[in-house]
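Novice: This is the structure I have questions about; it appears just below.
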Amino acid sequence: MNQLRGRFAPTPSGELHLGNLYVALLSWLQVRQGGGQFILRMEDIDRPRSRNELVGPMMDDLHWLGLDWDEGPDQGGENGPYYQSKRLHLYEEALHNLQQQQLLYHCYCSRAELQAVASAPHGVASEGQAYPGTCKKLTAAERAAKAAKKTPSLRFAVDKGPTAEKMDVEMEKLLRRGGDFVVQRADGIISYQLAVVVDDALMGITDVLRGQDLYDSTPRQLLLYAALGYTAPRFVHVPLLYGPDGRRLAKRHRDLSLAAIRANGCRPENIVGLLAALSGLIERPEPLTAAELIPEFRLEKLTTEPILLDTHLLQLLN
């Protein structure tokens with residue numbers, strides 16, 4: 001059996017917040033409890049959104065919390081580079097592979113045009129409107145006319161894809177409901193769906209623990225794993241954290257960033273203990289180091305309900 005390998009792959013577009021740390025901690029615990037290797041990767045493929053100056057502070061925050069990694073941007077490893085922006089040649093090879101199998105086609109639709117298609121069914125939550133197949137039905141003449149005016153994106157033809165392992169009935173429904181999906185944007189940027197599959201496969205990731213918001217992406221990724229001849233990892237999706245305003249934790253919750261919490265004098269043990277209690281690993285919040293929590297980790301202990309960080313809970317961080 002292959003050694004367990006997990007990862008945490010943040011986008012360096014803002015400071016880490018408690019929601020990011022929740023996923024990072026649980027993923028790290030899963031790997032360390034299983035005696036595996038933990039990889040840190042920066043998902044900076046969308047260069048306009050990414051800020052290199054945030055990578056160092058992100059790693060400092062994770063170390064401060066008590067997390068470490070066996071491979072990553074700061075120490076390298078045999079599966080690098082650990083920045084997506086330095087792995088573009090690998091994504092191009094994957095695109096070529098899919099094109100050779102005739103699984104991709106050019107799409108000239110804009111986001112506005114897709115939103116205007118009232119008959120389109122509800123799509124995939126992480127990607128927006130479902131694609132109605134407009135450009136898949138173009139004649140050669142129509143395609144040539146559009147190509148003369150606009151650079152296309154590349155879409156994966158779902159109905160031509162292979163049978164994917166680990167896909168249950170619910171995932172099959174999600175896959176069909178979302179329609180054909182983009183693997184390369186018109187501006188040349190590789191999609192998250194393709195990049196994350198290539199990275200996880202080539203880095204030998206066996207287990208992916210991530211937020212529930214990415215569940216909808218899983219069937220598309222399973223399809224790409226199958227099409228590229230890769231073995232898919234095991235996926236676990238954990239509930240999201242919500243701020244006192246009832247909205248999912250995001251960069252707008254600046255007072256819940258780790259930088260802000262650290263600046264207020266909070267100890268890492270308090271954060272770890274609170275996140276452990278919220279996850280269901282321990283009964284009530286108590287100061288703990290990340291290492292002390294390793295024996296407590298069991299997937300079956302993890303809560304399946306969304307988590308609200310109310311004012312009372314946040315006071316425990318003071």
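Don't overthink the numbers, they just go from 1 along the chain as shown.
Just so it is clear, glycine is given a Cβ too, placed from its N, Cα and C backbone atoms.
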Novice: Which of ARG155, ARG210, ARG234 does Swiss-Prot put in the same L-glutamate site as ARG7, PHE8, ALA9, PRO10, THR11, GLU43, TYR192?
Specialist: ARG210
Novice: Which one, from the binding-site residues PHE8, GLU43, CYS107, CYS109, has the smallest tally of other C-beta atoms lying within 10 Å of its C-beta?
Specialist: GLU43
Novice: Consider the binding-site residues ARG7, PRO10, GLU43, ARG210 and say which one has the Cα lying nearest the Cα of CYS135 (Zn(2+) binding site).
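Specialist: Spatially nearest to CYS135 (Zn(2+) binding site) by Cα position is GLU43.
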Novice: Given the L-glutamate binding site residues ARG7, PHE8, ALA9, PRO10, THR11, GLU43, TYR192, ARG210 in the record, what is the largest Cα to Cα distance, rounded to whole Å?
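Specialist: Greatest Cα-Cα span of the listed binding residues: 16 Å.
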Novice: Looking at the binding-site residues ALA9, CYS135, which one has the fewest other Cβ atoms within 10 Å of its own Cβ?
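Specialist: Each of the binding-site residues ALA9, CYS135 was scored; lowest Cβ tally within 10 Å is CYS135.
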Novice: Given TYR192 (L-glutamate binding site) and TYR131 (Zn(2+) binding site), what distance in Å do their CA atoms have, once rounded to a whole number?
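Specialist: About 17 Å separate the Cα atoms of these two residues.
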Novice: Check the binding-site residues ARG7, ARG210 for other C-beta atoms within 10 angstroms of each C-beta and report the one with the most.
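Specialist: Result for the most crowded candidate: ARG7.
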